[in-house]
Amino acid sequence: MGTISNLTNTFPLHIRKFKFPSSSSSSSYRFPLSTLSCSTPEPESNTTTSISQTPNSNATSYFPKRGQTLELLCESLAFKGKGLCKVTDTGFVVMCDRALPGERFIGRITRKKGNYAEAAKLQTLTPPFDTVDAPCVYVPHCGGCKTQNLAYHAQVKAKEEQVRELIIHVGRFSQKELELHGIMKPIVPCDIQFNYRNKMEFSFGPYKWLPKESMHERNDDGGSENYALGLHVPGYFDKIINVDKCLLQTDPANKVLAAIQECWRDPQLGFSPYNVHSHVGFLKHLMLRSGRDVMTGLPEIMVNFVTSSYKPELLKVLVDKVSAFPEVVSIMNNVNTSVGNTSVGEEEYTLHGKSSITETLRGLTFQISANSFFQTNTHQAEVLYKLIEECAGIKGDGSEIVLDLFCGTGTIGLTLARSAKHVYGYEVVPQAIADARLNAELNGIQNATFVQGDLNKIDENFGKNFPKPDIVISDPNRPGMHMKLIKFLLNLKAPRIVYVSCNPATCARDLDYLCHGVAELNIKGCYKLISLQPVDMFPHTPHIECVCLLELC
């Protein structure tokens, strides 16, 4: 079976190791294959590869050329959801997007990277294992649900195997060790596989992207009927698939999306979608957030229009239309004058209702503003946070100090504060810290302190403003933890660390450093990995969450 181990187990140690990202770079790893990155679909970055293979006597046929058409067999899914495939005649490794295990197909080589290649699928010869009919019409082209046509039990099985391979071959934990001590736990599936996202962001554009077979539908006159509101084509910042309904977001949010799609192209309304090339146009993004009224439990929807300038009179017709939905309790306008593609505005205005919606999690109430961070799958966040609480193992007598690193809006720290003596949270985003303090006040929690600061740039003074913690929670973003923070934790020697990760590749790397040290830097590890629990937070996508418990040796 082709797995990540085929690509890593013969590498010299200095190649297998990641190069730590600097504070100004989020993805400068030296580990081969973009499949080990947890970033959203985008053009591949430069990587260093050295796949050990034994070519046959015909070197030309063994190493395929760009543009060459070959018969391929997909053996497994690699991280990021790409199929790990082999050339049927030679066994040469080829990564192919949208290829599924068991699928035999014709592919065209699109890119050569050292001793492996990437391909585009042209024609399926033999269908994959565990295939199902995808209910979403956009699956063939949209990057949001790449594995929707793979049975869910096969999806979670593949994710669990990906985590195991990374922990063994990047984290340097043996298979025997994982099994003997029961470290690696079975993945926790998600009970709700559709309509689970509480936040979706759609983009406006001057042209709908159409696949080749539908190009005849395009009107070349450049009229408003060609305008797009939807999701980006994977790998392109300027191509938008028009989306009328997304099966990942809630039903009330889909009703709002449909209502906006129904009218915004009317030329009499005077709307112009933003053009990312000419930097001209008014409507940039549409963000829909879903929550619940704390008292009634009824759904709450926030509609956030991101525009290039402030023209409330122009937006009035859309505001009037969507405010008619009883679920819509907040309509915001973020004004972003920059040429970048971000949805966060320099100015924010409330056009209807209140400036935030609410949600409950682990018995606490959270205010969610337009730009605040909140776990995107509320249902599965309950499961995730319960696992974190269990790993933290707080005594409950109010005697323990918790250090919450990368605390975001304080959701994890605040759920632990009820049993702790004090929680100290650190986060680089100022708005997130403001939201964390607001959430603490909203829930009457006074034993939580939230501080704004960049954990990638800590110095020798970090740690002097709080007592030594009994428990450290670390929930970094996809690049993982910086070496400065790794060194700090190894010197701090807190009894327990709960590491929460959305990127198993950098999680495995950081666990390696905390447990085994970094010989090249003369750093010794001092932790033992007690448990590693994968959690599927986002069905039909390649993303995987992990909750890891480490104890001081």
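Our numbering is plain: 1 for the first residue shown, then up by one each step along the chain.
Each Cβ is built from the backbone N, Cα and C atoms, and glycine gets one as well.
Summarising the annotation, TrEMBL assigns region 'Disordered' to 36-58. Under the heading domain 'TRAM', TrEMBL lists 63-123. Under the heading S-adenosyl-L-methionine binding site, TrEMBL lists Q375, F406, E427, D475. Summarising the annotation, TrEMBL assigns active site, nucleophile to C502.
Features as recorded by TrEMBL, highlighted on the structure.
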residue	record	Cβ within 10 Å
Q375	S-adenosyl-L-methionine binding site	22
F406	S-adenosyl-L-methionine binding site	20
E427	S-adenosyl-L-methionine binding site	26
D475	S-adenosyl-L-methionine binding site	21
C502	active site, nucleophile	18
Cα-Cα distance maximum in Å, computed over every pair in Q375, F406, E427, D475 that the record assigns to S-adenosyl-L-methionine
16
Restricting to the domain 'TRAM' (63-123), report the mean pLDDT as a whole number.
92
How big is the Cα-to-Cα gap, in Å, between D475 (S-adenosyl-L-methionine binding site) and C502 (active site, nucleophile)?
8
How many helix, strand and coil residues does the domain 'TRAM' (63-123) contain under DSSP?
0 helix, 36 strand, 25 coil
Other than Q375, F406, E427, D475, the chain contributes near S-adenosyl-L-methionine (Cβ within 8 Å of their centroid) the residues F373, D404, C407, G408, T409, T411, I412, P476, N477, V500
